[in-house]
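Novice: Okay, these came from Swiss-Prot:
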- 19-39: transmembrane segment (TRANSMEM)
- VAL65, ASP119, ASN146, TYR221, LYS225, VAL254, SER256: NADP(+) binding site (BINDING)
- TYR221: active site, proton donor (ACT_SITE)
- LYS225: active site, lowers pKa of active site Tyr (ACT_SITE)
Amino acid sequence: MPFTQFLDKYSDNLAIQYAIIFALLLGVFKLTVFSLKFASLIYDIFLAPATDFSKYGAASGKWAVVTGASDGIGKEYAFQLAKKGFSIVLVSRTQSKLELIATEIESKYKVNTKIVAFDASTDDEENYLKLEKAVFDLPVTILINNVGQSHSIPVPFLKTEKKELKDIITINTTATLRITQIVAPIIVSTVENPHPKQLRGLILTMGSFGGLLPTPYLATYSGSKSFLQAWSAALAGELQADHVDVELVISYLVASAMSKIKRTSLSIPNPKQFVTSTLNGVGRRNGAQERFATSTPYWTHALMHFAIDNTVGVYSKIANKLNLQMHQSIRRRALKKAARLAAAAEKKD
């Protein structure tokens, strides 16, 4: 039946006519909102210029604090920020690794470095005092909250070892909050001081698809990253008036020691590719179009995030089930590999 005939049929029924008009207007509104979000996504990923870090004090004697700086993504943040002209405070567990990285940064980029050997799993007050002593008199404008830990392999929550559970919560949440409480006031103080142009501060905290979507078999890790999402957005609201930009950076998989993935692919960048996209996209939402103070910067991750948000949704039953099946499969393969290695070791003995 043509639409005009349909309307004529119900011309005397005002309730149905109003319902039809409302449905049409709602459809136009939804389509317009989706189109604007999709246009913003494409602009953010492919067309927007790279962020100018001069507003954060690049090449002007300012400092950046990078946690988890000895490997992977954290190490890459340190190198790329040093390349932009920031001196770097390197915070991580292993002193010897930090010393090598500091030497390379100073030699290659002619900036200063400081080292803080810091085991985030211990929640030791001496660690925090050591960090505070290292940074209290520095003009810090950037904090990269990169330190983190996941499960060794996907595991049901009821079978999670107590130490692993405690370490994940302590490293991902407690240490991140305590470090931010130490460094953020210094950032606020630095950008408050008179400058030729208004400086801004920046706090980036590493999130994860594991926090975006509730993830069975990574329940503790997933919960810790979800906590960071809410905390970071709340902190962003608090520090806006202090000229400090706060963002949660969401990633899917990145080839690194933590992910145990060695090969890159279209959806799995190496740390250099991921950090480049993150720093270039500071201030833009990319794939996180519906989320305040949040970015999913790497282009394939951004498209995946946008697609999930605009189809099944992150809290849907189907998303949870697919996540469960994927991590059950990963666990089975990991256990088989461990069994093969154990059998091979027994043969050698």
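First residue shown is number 1, and so on along the chain.
Positions of Cβ are set from backbone N, Cα and C atoms, glycine also.
Remember, it's a predicted structure, so these values are computed and weren't measured experimentally.
Please situate the listed features within the shown structure.
Specialist: Residue density at VAL254 (NADP(+) binding site): 23 other Cβ atoms are found within 10 A of its Cβ, drawing on all protein chains shown.
When other Cβ atoms within 10 Å of the Cβ of TYR221 (NADP(+) binding site) are tallied across all protein chains shown, the result is 25.
Sequence-distant contacts of LYS225 (NADP(+) binding site), defined as residues of its own chain at least six apart whose C-beta falls under 8 angstroms from its C-beta, comprise ASN172, GLY207, SER208, GLY210, GLY211, LEU212. In three-state terms derived from DSSP, LYS225 (NADP(+) binding site) belongs to a helical segment.
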Novice: Find the longest CA to CA distance in the recorded NADP(+)-binding set VAL65, ASP119, ASN146, TYR221, LYS225, VAL254, SER256; express it in Å as a whole number.
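Specialist: Farthest-apart Cα atoms in VAL65, ASP119, ASN146, TYR221, LYS225, VAL254, SER256 are separated by 24 Å.
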